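The domain 'Pyrroline-5-carboxylate reductase catalytic N-terminal' annotation in TrEMBL covers 21-107. TrEMBL lists 249-382 with the feature domain 'Ferric oxidoreductase'. Look at TrEMBL and you will find 205-229, 249-271, 292-310, 347-365, 386-407, 419-442 tagged as transmembrane segment.
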Amino acid sequence: MNKNSSNIMALAPNTSNKRETVCIFGTGDFGRALGHKMIQSGYPVVYGSRSTQISNLIPKDAEVLGHAEAAQKAAVIIIAIQRQHYNFLTPLAEVLRGKVLVDISNNLKLNQYPESNAEHLAQLLPGSKVVKAFNTVSAWALQSGTLDASRQVFVCGDDVEAKQMVMNIVRALGLTPVDKGSLLAAQEIENYPLQLFPMWKFPMFLSLGLTAFFFFYCLALDVIYTYIYEKNNFSFFIAITIPNRVCPVMALILLALVYLPGIFAAIIQLYRGTKYRRFPDWLDKWMLCRKQLGLIALAFASLHAVFTLVTPMRAFVSWRTSKGIISQVLNNKTEPLNNTNAWLSDSYLALGILGYFLFVLLGITSLPSVSNNVNWREFRFVQSKLGYLALILCTAHTLVYGGKWFLSPSAYKWYLPNIYMLSLVVPCAVLVIKFVLIFPCIDKPLTQIRQGWERNPKHSH
């Protein structure tokens with residue numbers, strides 16, 4: 001009985017519609033947007049400002065007072081001003097003593113100051129409880145309500161109760177608080193919005209490098225070689241033909257590179273006989289950017305699909321088709337349908353369509369809004385099982401289309417293999433090794449290792 005009543009008492013504050021007053025120092029874009037969102041969520045809001053004139057920009061249900069008077073009305077004060085203007089807070093030290101100050105500021109560049117803005121604020125007002133929060137949410141997202149991509153709010157602070165108060169406000173606004181620990185984490189949180197695609201750097205540089213390599217490789221074999229030895233000017237291949245060769249090659253190689261680090265991880269764990277040792281740094285970083293590699297691969301696959309769809313509209317294709325028809329007319333001979341070529345053509349198209357469908361499915365399930373609505377087993381099934389199936393289909397698509405060149409001497413211009421042959425090296429290696437790893441004699445000890453079994457426990461820690 002006592003237990004039930006204590007649970008009811010614990011829930012009482014959360015079920016109450018009454019919320020504590022929140023004070024906001026600063027009437028800029030973010031201060032106004034945050035105040036508007038808080039009023040919508042049921043919080044009484046009072047603005048502390050140098051001018052107490054009520055502007056049309058201020059939310060109509062908010063109160064505007066002087067800084068000292070506004071601070072006295074609330075236990076939580078949001079500092080929505082830039083660091084260079086913090087000095088005006090010093091005369092308010094006594095009024096702000098014991099109050100929770102929420103620093104939401106950002107800088108113009110990484111590590112702009114020796115200490116974080118939140119730590120600087122804590123030094124200016126040692127009697128206050130400083131919490132860092134809301135700096136990763138944009139004013140536009142708050143105003144428009146499109147918070148799907150920026151729903152997480154990083155929170156840090158030295159006072160546990162103050163931090164919990166701020167996290168409760170974050171939840172009330174429909175956002176997700178993420179506790180990052182003490183105020184020492186403020187520097188990292190402030191640097192976060194300034195990082196431009198931090199997880200995309202390696203995938204982008206790798207993709208650009210490989211794209212440039214394959215583009216110039218095709219340029220040498222398809223344009224320069226034919227011009228030198230066959231006196232044909234195929235320079236227009238640069239517009240569509242070469243990109244439509246590079247894009248599928250890049251899509252296949254990058255998709256294989258998504259699953260290759262998992263292969264390396266399995267081999268390392270089998271060799272070590274334990275999962276309790278860190279992977280090499282290069283493998284850790286590689287595994288962390290697999291999602292980005294996969295999305296770039298999907299972009300290349302989509303470009304390949306578009307380039308292929310416009311192929312019949314090309315002047316070169318129309319000329320080649322009409323040339324074949326005229327040749328048959330002049331020779332008074334109709335070439336019969338080659339069933340083998342028809343089967344190959346339909347097969348590689350069907351494999352490409354199915355592979356692309358699974359490719360798109362992988363991309364959709366990697367979106368946070370989708371992945372958050374599936375459990376771990378479902379997510380793993382799609383990303384692992386269906387991912388390998390997509391790799392098999394895309395590899396088969398390339399193999400059926402480009403396999404004919406393997407045994408054709410004319411395909412080795414300047415003794416170099418065709419681009420499609422190069423594209424099959426990595427995916428075929430991944431699929432062969434994965435096939436070996438699923439043998440029961442290898443899969444069973446690997447599963448045991450991943451469940452915590454160790455070959456030499458005394459040497460693994």
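Cβ coordinates come from backbone N, Cα and C, glycine included.
For the transmembrane segment (347-365), the residues of the chain that approach it from at least six positions outside its boundaries are 251, 255, 294-295, 297-298, 301, 305, 371, 374, 379, 382-383, 386-387, 389-390, 393-394, 396-397, 400-401, judged by C-beta separation under 8 angstroms.
Per-residue pLDDT, averaged over the domain 'Ferric oxidoreductase' (249-382), rounds to 88. The DSSP breakdown of the domain 'Pyrroline-5-carboxylate reductase catalytic N-terminal' (21-107) into helical (H, G, I), extended (E, B) and coil residues amounts to 32 helix, 19 strand, 36 coil. Note on the domain 'Ferric oxidoreductase' (249-382): DSSP counts are 110 helix, 0 strand, 24 coil.
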